[in-house]
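J.: Quick one: the structure is below, and I'll ask about it shortly.
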Amino acid sequence: MAKKRPLALLILDGWGYSEDTQDNAVFHANTPVLDKLNAQYPHSLISGSGIDVGLPDGQMGNSEVGHINIGSGRIVYQELTRISKAIADHEFEQNAALCDAVDKAIAANGAVHIMGLLSAGGVHSHEEHIEAMCRMAVERGATKVYLHAFLDGRDTPPRSAKNSLVHFDELFASLGHGRTASIIGRYFAMDRDNRWDRVSQAYELITEAKGKFTYASAPEALEAAYARDENDEFVAASAIVDAQGEAAVLSDNDSLIFMNFRADRARQITRTFVNPDFDGFKRNKTPKINFVMLTDYAADINAPVAYPSSDLVNTLGETLQNLDKTQLRISETEKYAHVTFFFNGGKEEPFEGEDRILIQSPKVATYDLQPEMSSTELTDKLVAAIESTKYDVIICNYPNGDMVGHSGNFDAAVKACEAVDACIGRVVEALAKVDGECLITADHGNAEKMKDPSNGQAFTAHTSNLVPFVYVGRDAVIKDGGRLSDIAPTMLTLMGQSIPKEMSGRCIIDLKE
């Protein structure tokens, strides 16, 4: 087999750029490798947020959006934008899957349960979408409407859920029907790393009202959680009862509508409700329900979808397949879906010639406890893959900046950045030995802003800052004004290949030779 000259793309998750050095873990980290690369090779800053990635203007980027834009080589208009537009255009209340779920529950004298991340963060969901669903259910005649609120504190300030919970109490009062039936932190309900002990707590809360606590109102439950020193993300399972002390549990003939639009943290809990042979934990109750996913969460989940995804053709992965090129996707479990499913435009199956390596993320409660995560093991596998000269293209995601940045722990985020920098050194060295090249970038910012100057709280969300773009290869100039969708066309050009017409991005590297 002929040896390959690999082109590697290293995605440093959550690694943005900011002139503000205060509470900036990226700035304060000791990163001799990246410092040297920036001094020796062409580099620039590119956009990974807002309208440049198909989000509303000013909206921070996120990992799903970033990887879809990088992998598809075009601006992909995101579900947040698409669903918000449907609501504004009054198309949402006519959505066939949503209407059918509400109507079936009403006809069977059942309840309409609505679950999702109650957040204005706009990363996994938006509370405006949840409000529209509550309104639509009542307007179609549902009198039993129950909200199961997953609390954020990760893409929003750590203690910011109160206004949302109060607003929904007021909303239900104005509608004359419905109430909040439970609250729980996203740490439990939205796990994506097969920690079924967490997900089971959310499942039992919704199906049995089995929580650690019971309260008469959601704001009261939140206040008690704060008194226990639980931020929104970690709020323990709390059932909310009505004036008669009755809980609302998911029962036969009810409908359950999941209002998250992002797939990766929606899959696990969805499977607990819809997979008859689910075995992640023992389910005490398995009610026969009508379940609706807001968007496609996974190809193997058999449930109606309110907003099916549009097909993206000639993504980078598909183009490499058509060119008979070999490719490797590698990351830890936390970002594995991003370098595979999302990078491939929502396609689960690997392309011909595409290999995948999954490294288990550490089993710790939060990643500030192990800021290096599994970066050493990941880099061991990556270096071996480079040395094998088996691959034309390698896509790797280092999750540390994002996953540790979300903890709000500045010192840990600094250590995370330093760990990644050391790994990059090993990768660049391995590539040099096989005459390979490397692009280094990020999908969005996070670790460069670890404190919110407006309130002094830890800043755990993403940012809309520009992200780095470094080319470790031939003598070249990088054009200004780049964005994530320019990366795939640039990679194909570096490989001497033409850019598919479906890719609206442009090559932003001019080779001097």
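Any Cβ shown, glycine's included, is placed from N, Cα and C.
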J.: The substrate site in Swiss-Prot includes Arg154, Asp155, Arg186, Arg192, Arg262, Ala263, Asp264, Arg265, Lys335. Which of His90, His113, His124 is also listed there?
T.: His124
J.: Quick one: which of Asp13, Asp20, Asp486 does Swiss-Prot put in the Mn(2+) 2 site with Ser63, Asp443, His444?
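T.: Within the candidate list, Swiss-Prot flags Asp13.
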J.: Same Mn(2+) 1 site as Asp402, His406 according to Swiss-Prot: which of His177, His462?
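T.: Swiss-Prot lists Asp402, His406 binding Mn(2+) 1, and from His177, His462 it also lists His462.
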J.: Under DSSP, is His406 (Mn(2+) 1 binding site) part of a helix or a strand, or is it coil?
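T.: Where His406 (Mn(2+) 1 binding site) sits, the three-state DSSP reduction gives coil.
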J.: For Arg192 (substrate binding site), what is the secondary structure by DSSP, using just helix, strand and coil?
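T.: In three-state terms, Arg192 (substrate binding site) counts as coil.
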J.: Between the recorded positions Asp13, Ser63, His406, His444, His462, which lies closest to Ala263 (substrate binding site), Cα to Cα?
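T.: It is Ser63, whose Cα lies nearest.
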J.: Please work out the number of neighbouring Cβ atoms within 10 Å of the Cβ of His462 (Mn(2+) 1 binding site), leaving out its own Cβ.
T.: 31
J.: Sort the recorded positions Ser63, Asp155, Arg192, Arg265, Asp443 by C-alpha distance from His462 (Mn(2+) 1 binding site) and give me just the closest.
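T.: Ranked by Cα distance from His462 (Mn(2+) 1 binding site), first place goes to Asp155.
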J.: At the level of the C-alpha atoms, what whole-angstrom distance separates His406 (Mn(2+) 1 binding site) and His444 (Mn(2+) 2 binding site)?
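T.: Roughly 13 Å, rounded to the nearest whole number.
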